[in-house]
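S.K.: This is the structure I have questions about; it appears just below.
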Amino acid sequence: MVETASIAGTPPVRIGRLTLANGVVLAPMAGITDAPVRQLALRYGAGLVVSEMIASGWLMRGEVEARLRAERVEGGLHAVQLAGREAGQLAAAAELAEGAGADLIDLNMGCPAKKVTGGEAGAALMRNLDHAERLVAAVTARVAVPVTVKMRLGWDEASINAAELARRAEAAGAAAVTVHGRTRRQFYSGRADWAAIGQVKAHVTIPVIANGDIASAADARAALGASGADGVMVGRAAQGRPWLPGRIARELAGGAPAGDPPLAEQRDVLLELHEALLSHHGCEVGLKVARKHLGWGLAVAAATAGAAPDAAGVWRQRVLTAAEPARVRALLADAFAAFAWKEAA
């Protein structure tokens, strides 16, 4: 087990009655942060990992996918992110998650995807703060565990209202908020505005977590400095790098700067993740789910070895078209042997 670290020079991040191991959080990412990925991130020292977004209706209907997404991982707090628009259903889903062992409930009010906002959930709630506040109040009234809210700066540049939503969320009982430094209209274009997150911090007394474009300890320091936030959340930069949040935390705590692990360790992590995904989802689904993770991991390995980008593409194509687990394992071993040869050359 990799030891966790606290951020030097900043108070521990306390969310309600919970204290995080450190202030670097792995973001909830749909289709990505299932239990095997979260388990690896925790082992490498992430302060908190959050489940994939779960639609409250799915959880209430007991759909298999939602139950898989909500699976607890060992070695850390169990945070479950819920999305929805109907207060009674969302509160009931939160109660169900709490009963299943959730230590924390996160409410998604920031997802920009059209399939979510089209149902007036996710970031669409930033266009109706009265209703968003009612949702928070309904959930906090139903569960005893801390409730947090993830949001964006606003729907668009003409409606930057994260500070007001955060203020209302706190008044309704939220224990912390996470703010992605972009509007919904931006999706992931441009750069995250960490300074704008500072306006949220100025309007609440609960912890604020800064999110968006945090890919290194230097980024984390800059985001914390610009926003005054209490912690940071790492998202897309951790794709293929489950060790990243923990490494950022250790460097912020005064540890020596560290890049990606040696190739042999990266290989072992990918092989372990591949097996865990097969076990978690079943062989047929697990093979499909693993492909994106293996593709990202191969790209990271190629960069570590200094290989040309097209080298990663060649191996990625071979691995991602393999139809049998044994063939995937063999190809991964061959790919990393080739990368190691390139690194030594």
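All positions are counted from 1 along the displayed chain.
Backbone N, Cα and C atoms are what each Cβ position is placed from, and that goes for glycine too.
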S.K.: Of H180, H203, which one shares the FMN site with P28, M29, A30, Q81, K150, G235, R236 in TrEMBL?
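M.R.: So the FMN site in TrEMBL includes P28, M29, A30, Q81, K150, G235, R236 plus, from the candidates H180, H203, H180.
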S.K.: Where among the binding-site residues K150, H180, R236 do you find the Cβ with the fewest other Cβ atoms within 10 Å?
M.R.: R236
S.K.: If one measures from the C-alpha of G235 (FMN binding site) to the C-alpha of C111 (active site, proton donor), what distance in angstrom results, rounded to a whole number?
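M.R.: Between the Cα atoms of G235 (FMN binding site) and C111 (active site, proton donor), the distance comes to 13 Å.
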S.K.: Under a criterion of Cβ-Cβ distance under 8 Å and sequence separation of at least 6, what residues of the same chain contact A30 (FMN binding site)?
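M.R.: In sequence order, E52, M53, C111, A113 meet the Cβ cut-off.
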